[in-house]
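Here is what TrEMBL says about this protein:
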type	residues	note
DOMAIN	A:87-202	domain 'Tetrahydrofolate dehydrogenase/cyclohydrolase catalytic'
DOMAIN	A:223-370	domain 'Tetrahydrofolate dehydrogenase/cyclohydrolase NAD(P)-binding'
2 protein chains.
Amino acid sequence: MASAAASSCSSISMMFLTHSSAATSSTAHRLLPPGCLRRRRLHCHPLQMGPASLRCLTFPSSAAAPSPPHVVVPHASLSTEVNTKVIDGKAVAKQIRDEITAEVSRMKEAIGVIPGLAVILVGDRKDSATYVRNKKKACESVGINSLEVHLPADSTEEEVLKHISGYNDDPSVHGILVQLPLPSHMNEQHVLNAVRIEKDVDGFNPLNIGRLAMRGREPLFVPCTPKGCIELLHRHGVSIKGKRAVVIGRSNIVGMPAALLLQREDATVTVIHSRTSNPEEITRLADIIISAVGQPNMVRGSWIKPGAVIIDVGINPVEDTNSPRGYRLVGDVCYEEAIEVASAVTPVPGGVGPMTIAMLLQNTLISAKRMHNFE
Amino acid sequence: MASAAASSCSSISMMFLTHSSAATSSTAHRLLPPGCLRRRRLHCHPLQMGPASLRCLTFPSSAAAPSPPHVVVPHASLSTEVNTKVIDGKAVAKQIRDEITAEVSRMKEAIGVIPGLAVILVGDRKDSATYVRNKKKACESVGINSLEVHLPADSTEEEVLKHISGYNDDPSVHGILVQLPLPSHMNEQHVLNAVRIEKDVDGFNPLNIGRLAMRGREPLFVPCTPKGCIELLHRHGVSIKGKRAVVIGRSNIVGMPAALLLQREDATVTVIHSRTSNPEEITRLADIIISAVGQPNMVRGSWIKPGAVIIDVGINPVEDTNSPRGYRLVGDVCYEEAIEVASAVTPVPGGVGPMTIAMLLQNTLISAKRMHNFE
């Protein structure tokens, strides 16, 4: 049941990710620590949530409960010492968006080109519509043109391919996103492969992943969420070279590319997954932890080496009767325990989440610059 | 200096590998254990070797010194107990070649198709000529057609590309190998990328590596040496799922794809490289060790967890005044120490070496079967 619930909730748990359906990883119930008895994931469709309760420590609700989606935890109530430990993804993402805004403006003035991102949405899923709307808003906020086509759920694969082909050939489009999931009658892989690799700003094309894995090769685009994780480490001044890193989760969109990126930066990387027999023991050896499994509060304080840096990719909805929405979002890492042991932690929400869209904008800008040889 | 020597000797140290120049990894002098004082790598061109000495323990020379290349250590002098520990790559490779012979024959009888492997050799390097000759012999031994073109060192890149294009279009060719290194005036990556991915039996195309890295995707070909490592584990009855594995070395042709393969089989994998600060400590946690760094006897007995299984990819020439050739081949792992601690070890030579060509033949057969829909 835990497994099924995790799956059904994945689209909301990945609210900030580029692809709603392609959640962080297959669930890993074997990874659940035995001590965290009060944790319960919401067993429901994301848009039909009922009551539940989830806490890893008995903090007063008002202090511990993160805000609903899109509202960043202010940490105002935390001590100064704790504040320095928080990797503020919202602030970093804003800084990056400001940099993008400046670059987009400089490019427009210099060569008259405005980067363009095209999004293809098929069907009427409300969550997908929300993601697409958020991407559009984000584009507008930095001056990137956003184009969108919304096709009915009963469209044929050929119609989708026709639109992809149009965007492939459109010189004003520098990035193309197909919002997932597609209706079940379509072959997702077939559709995604139709996107020209030079415009595949998601970076999920196998050719791109291969280049990411190979020494001496460069990917055209680094996938947005793992790129955001590494960017948070860089901008927080965390040294990666020679460090031991553990990536929890081996999904194609987060865990696997995050491990490849850490290795490219000379970390010694171990990937933990659902078949790992001693995840706690292995995680405790790490200087850097990136968790992307979609298991609320799985990583407890006892898993963390004192002084480790933690990037928490999980965005998991859990019951919270004190919240007006009846739920709140928590990460894969028990934040209250982690903040006591680690040297730095990303909060959820307000950590990796805001970085994903910032990296999508950055990839679109990179693509436009590359196509026009603009430096 | 150690670094330079390792590099200059890499072509002979990888005698069994498909690409002579693309050695296992950049050297990792920081990985050298301090205790192994008598180790010395040959500082010479592979074909101009002088005297030296290399031993990790003071065994009698007659028992410990492996035979020259292509002659497999018989292990007749080892006890029965030790014999069960030896993963006999030569025997496994023979078994696989016998299976390939039978399949090639069955295919020929059923549909009249004979698998064909084309090798392109440019220039007059003696080592390259030897590798090509060995591949040709191996093809003949299993009934695979081998085609070869030998171009002068001053050929243009266009001439090489023309031959690749010819083989790409030739329906009797199911696999194409460009023998490396190419003369320095050619762009290796450009030339290799010209090989049709359906005939890239080396499996080094980034698109192929990307598919290897991604869950739910299948590579067209698994690179030969790492494939041989996993095949040795399978045929020796070593369970991989849930095991802790350490891969030492992160080269594109062995370490990196070996790590991806182990992870595909549900091992928990850590990749150790030249920037890893505590390789011994990490290696000692592993149930399975694959070493591919090209550092003679680097992995000592103290690095090995009792009962671990070791696949030693390194084939390093070291001085041996007792050998008629003045050198002998040793692995990355100190064999005499490993055999006392591990539950199974591949010898050098006679371990992974013979598997690489067997896997090349297997990939060529797989390619022919796929092109002709033959099962």
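Positions of Cβ are set from backbone N, Cα and C atoms, glycine also.
Just so you know, TrEMBL annotations never went through curation; they're auto-generated.
Using DSSP to sort the residues of the domain 'Tetrahydrofolate dehydrogenase/cyclohydrolase catalytic' (A:87-202) gives these counts of helix, strand and coil: 62 helix, 18 strand, 36 coil. In the predicted model, the domain 'Tetrahydrofolate dehydrogenase/cyclohydrolase catalytic' (A:87-202) has a mean pLDDT of 97.
With helix defined as DSSP H, G or I and strand as E or B, the domain 'Tetrahydrofolate dehydrogenase/cyclohydrolase NAD(P)-binding' (A:223-370) counts 55 helix, 30 strand, 63 coil.
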